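Engineer: What Swiss-Prot lists as topological domain 'Extracellular' is 36-576, and the listing cites sequence analysis. The repeat 'LRR 1' annotation in Swiss-Prot covers 87-108. According to Swiss-Prot, the feature repeat 'LRR 4' maps to 159-180. Annotation source Swiss-Prot lists N-linked glycosylation site at ASN224, ASN283, ASN333, ASN374, ASN400, ASN422, ASN425, ASN444, ASN452. If you look up Swiss-Prot, you'll see 230-251 marked as repeat 'LRR 7'. Taken from Swiss-Prot, the feature repeat 'LRR 9' covers 278-299. Per Swiss-Prot, domain 'LRRCT' is recorded for 311-363. Residues annotated as domain 'Ig-like C2-type' in Swiss-Prot: 364-452. Annotation comment: Swiss-Prot describes CYS385-CYS436 as disulfide bond, evidence class sequence analysis.
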Amino acid sequence: MARARGSPCPPLPPGRMSWPHGALLFLWLFSPPLGAGGGGVAVTSAAGGGSPPATSCPVACSCSNQASRVICTRRDLAEVPASIPVNTRYLNLQENGIQVIRTDTFKHLRHLEILQLSKNLVRKIEVGAFNGLPSLNTLELFDNRLTTVPTQAFEYLSKLRELWLRNNPIESIPSYAFNRVPSLRRLDLGELKRLEYISEAAFEGLVNLRYLNLGMCNLKDIPNLTALVRLEELELSGNRLDLIRPGSFQGLTSLRKLWLMHAQVATIERNAFDDLKSLEELNLSHNNLMSLPHDLFTPLHRLERVHLNHNPWHCNCDVLWLSWWLKETVPSNTTCCARCHAPAGLKGRYIGELDQSHFTCYAPVIVEPPTDLNVTEGMAAELKCRTGTSMTSVNWLTPNGTLMTHGSYRVRISVLHDGTLNFTNVTVQDTGQYTCMVTNSAGNTTASATLNVSAVDPVAAGGTGSGGGGPGGSGGVGGGSGGYTYFTTVTVETLETQPGEEALQPRGTEKEPPGPTTDGVWGGGRPGDAAGPASSSTTAPAPRSSRPTEKAFTVPITDVTENALKDLDDVMKTTKIIIGCFVAITFMAAVMLVAFYKLRKQHQLHKHHGPTRTVEIINVEDELPAASAVSVAAAAAVASGGGVGGDSHLALPALERDHLNHHHYVAAAFKAHYSSNPSGGGCGGKGPPGLNSIHEPLLFKSGSKENVQETQI
């Protein structure tokens, strides 16, 4: 297209609008200035508000890299600035006076990855304070005044990887305190000096956690860390962990580094580290350790670096295994490791330089050997094997030749930390001889016992079983679950030094005291110490020839049987008393029933006996009124005038009183009297005596013998 004549500018392409020069000048004059920190585009948004985006950096802050980094440190801020650029990725608000983090303070910072609020005066974080931060990766809140873990404030931080809460006056960590942020990989809870309580479920949900700091929290026990299945680094330094127990690190199979410096640890029990299969570095420096259990580090196949310096190690036979382990693991590094503190002759010596020539050691002694056990299939069972010290290691050999150690698990069978072989549910296939092997630096001692498992009798399943809860247990007293036998045979295999072998003993000792012999192990201890192992042996790998001898003797188990028999006698006495009382009550009831029956029989006989009748003559005038008396007299006159029969013409008046109406008895009496009189004849016979006078009427009254004893007519 040709340019028009006199036109100052070339024509615009088709579809483009032409801006007047005045409009462009107006926009240039009134556009807002760029931020002092680098001219990045920013948005203006008040905390918790919804104002439109601003293009400037906050006045109290400095911005760089196109406002993606905002630094507001040491500006005496009491609140979070309102106009933080929307594209900020790094926000530093450390060393200010911020006290409260309010709801939706950062909701417009969707690209924020690192938020530093450390070294403020934050005492409260409102619910929803971190809403709108889907990209937040690191949240630093250390050196503040928080008294509780702001659990609900972490609701929507789906990408949070690091959380720093160290050096806050937090007093307790409740259950599921961090389950809203399962993405956490690093959690710093160090220097919580007012911490008093950690819930058993405090760390539930942190399945991705790799690093945990609980140092300098005044902990007296290691909290439950089972849920941290992916934990790799654990800091426990600066606490007061006097004792490390077995199971303290249960479930931490991925842990690679464990720091326990300055933790006041004095004792580490046998099998305490058995769960740490992946451990590579262990720091136990600056503690109060004097010795370690035999083969403590043996299960730690990946352990490469161990720090044992600055501990008051007591160098004796218990540290020989450690000397051998150090020679194999860190042969050249002697600066990191233990040096003897006692005895005085070995003070300052590196433990890795010690050997058997410096000590006189003996094989371990089994204080509580296993006993033969008779149980029924399906029951739980235990075979105990305890020593007098925790500096030894305990293993078990099963009937099929499998070696069982603490930590090895066969579904139903396990070795507990005290050396006990535990069966949760025995089967008939478990029957056999089990051997306990106790080992220290000088040798090992074994003791065996037989486990007899009987099948369940379907007929007597509900009754007493072999070794069960009844008195008929096989080979047991009282049939308890222990199934103790009355007598058992102990076979002890010992080592006896041959003549002339004393010359091979180390210098500085005239004669080596004897090792564990039959009298020393079994006879010299408590009476119950020899109660029942089927066999026991002691071996010591010393540089001298030895001849094994066997001694067998029978040991009565008196303490167990006497107690069981005493309990059985008490039960029998109680049973006899109950039976006697029942028999006496039954006898008394029978006697009372017989007596009652006899009394009732006599009463029935009395009732069936007919009553004796009597006749009583009473004066009618006393009983009847005048009208009735006249009627009686007239009737008497008619009778005396001659009737056919005296009994048929004697009409007695109806009496008003029922108890005087006895005319039937009167008629019968008259008939009997005149029939027996020969001079009476026909109808003109004489009347009865006393009836000749109408003025003396008589009436016969009958009554029971019970009421009338004697009557005269």
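Even glycines carry a Cβ here, placed using N, Cα and C.
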Engineer: How big is the gap, in Å, between the Cα of ASN374 (N-linked glycosylation site) and that of ASN452 (N-linked glycosylation site), rounded to a whole number?
Structural biologist: 5
Engineer: Which has the fewest other Cβ atoms within 10 Å: ASN224, ASN374, ASN400, ASN422, ASN444, the glycosylation sites listed?
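Structural biologist: Fewest other Cβ atoms within 10 Å, among the glycosylation sites ASN224, ASN374, ASN400, ASN422, ASN444, is found for ASN400.
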Engineer: To the nearest whole angstrom, state the Cα distance for the pair CYS385 (disulfide bond) and ASN224 (N-linked glycosylation site).
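Structural biologist: The Cα atom of CYS385 (disulfide bond) is 28 Å away from the Cα atom of ASN224 (N-linked glycosylation site).
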Engineer: I'd like the number of other C-beta atoms within 10 A of the C-beta of CYS436 (disulfide bond), please.
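Structural biologist: If we count other Cβ atoms within 10 Å of CYS436 (disulfide bond), we arrive at 28.
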Engineer: Where ASN224 (N-linked glycosylation site) and ASN400 (N-linked glycosylation site) are concerned, what is their Cα separation in Å, rounded?
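Structural biologist: Between the alpha carbons of ASN224 (N-linked glycosylation site) and ASN400 (N-linked glycosylation site) there are 36 Å.
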Engineer: Can you figure out which of ASN283, ASN400, CYS436, ASN444, ASN452 (the recorded positions) comes closest in space to ASN425 (N-linked glycosylation site), comparing Cα atoms?
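Structural biologist: Spatially nearest to ASN425 (N-linked glycosylation site) by Cα position is ASN452.
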Engineer: What mean pLDDT does the predicted model reach across the topological domain 'Extracellular' (36-576)?
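Structural biologist: Mean pLDDT across the topological domain 'Extracellular' (36-576) comes out at 80.
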Engineer: Of ASN283, ASN425, ASN452, which of the glycosylation sites has the most Cβ neighbours inside 10 Å?
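Structural biologist: Result for the most crowded candidate: ASN283.
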Engineer: By CA distance, which of the recorded positions (ASN283, CYS436, ASN444, ASN452) lies nearest to ASN422 (N-linked glycosylation site)?
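Structural biologist: Result: the closest of the recorded positions to ASN422 (N-linked glycosylation site) is CYS436.
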Engineer: Taking DSSP as the reference, which of helix, strand or coil describes ASN422 (N-linked glycosylation site)?
Structural biologist: strand
